[in-house]
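Colleague: Provided herewith is a single structure, encoded as structure tokens, for subsequent inquiry.
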Amino acid sequence: MSVSLFTQTGLRLPPVFPLSRHEILELCDPLLDVLGLSGSSFDLHLVDDADIARRNAAFMGCVGPTNVLSFPAGSGDVEETDVPDVPDMADVFEEGQGHWLGEIVLSVDTLEREAFLYGQQPREHLVRLLAHAVLHLAGHDHGEIMDALTDQAVEALGRS
């Protein structure tokens, strides 16, 4: 299994949430394959806007909810750092930590809202957010390469 999935206690998934827990887990291996990260793994936390807003303030210094946060492996204890650093993935793999990329925190509330605002199917937007977050875990910064890889993942996996 490529992903450990955690759901915030008491979290109610919106009616339009695109996938069940099982379907999310089944999506992650193909997503990693499309992104060239076969054999890697990550932790995924599904939370509401209040939880991600708290984390956004604590770790990013930003007010309010965001759609997704990425905490790359090797960035230190997220409880003791202000902003996680992107690791050199070659160093992470050489140190015998395997291919664990890090942690992703995704707001199901923001996903629902943005899918509506952007006119996207919720599954498509979920794949876009997960691909974007995984690419950050793998050390990518915003730019043409990240955008192209994200679009490639959406094209391969995002359509219902």
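Note: Cβ is positioned from N, Cα and C throughout, glycine not excepted.
Below are the features I grabbed from TrEMBL:
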| type | residues | note |
| --- | --- | --- |
| BINDING | His132, His136, His142 | Zn(2+) binding site |
Colleague: Using the structure shown, find which entry in His132, His136, His142 (the binding-site residues) has the sparsest Cβ neighbourhood within 10 Å.
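Modeller: Relative to the other binding-site residues in His132, His136, His142, His142 has the fewest Cβ atoms within 10 Å.
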Colleague: Would you list, in sequence order, the residues of this chain other than His132, His136, His142 that have their CB within 8 A of the centroid of the site's CB atoms, where the site is the one recorded for Zn(2+)?
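Modeller: Neighbours within 8 Å of the Cβ centroid, excluding His132, His136, His142: Ser70, Ala133, Leu135, His140, Asp141, Met146, Thr150.
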Colleague: Tell me whether His132 (Zn(2+) binding site) sits in a helix, a strand or coil according to DSSP.
Modeller: helix
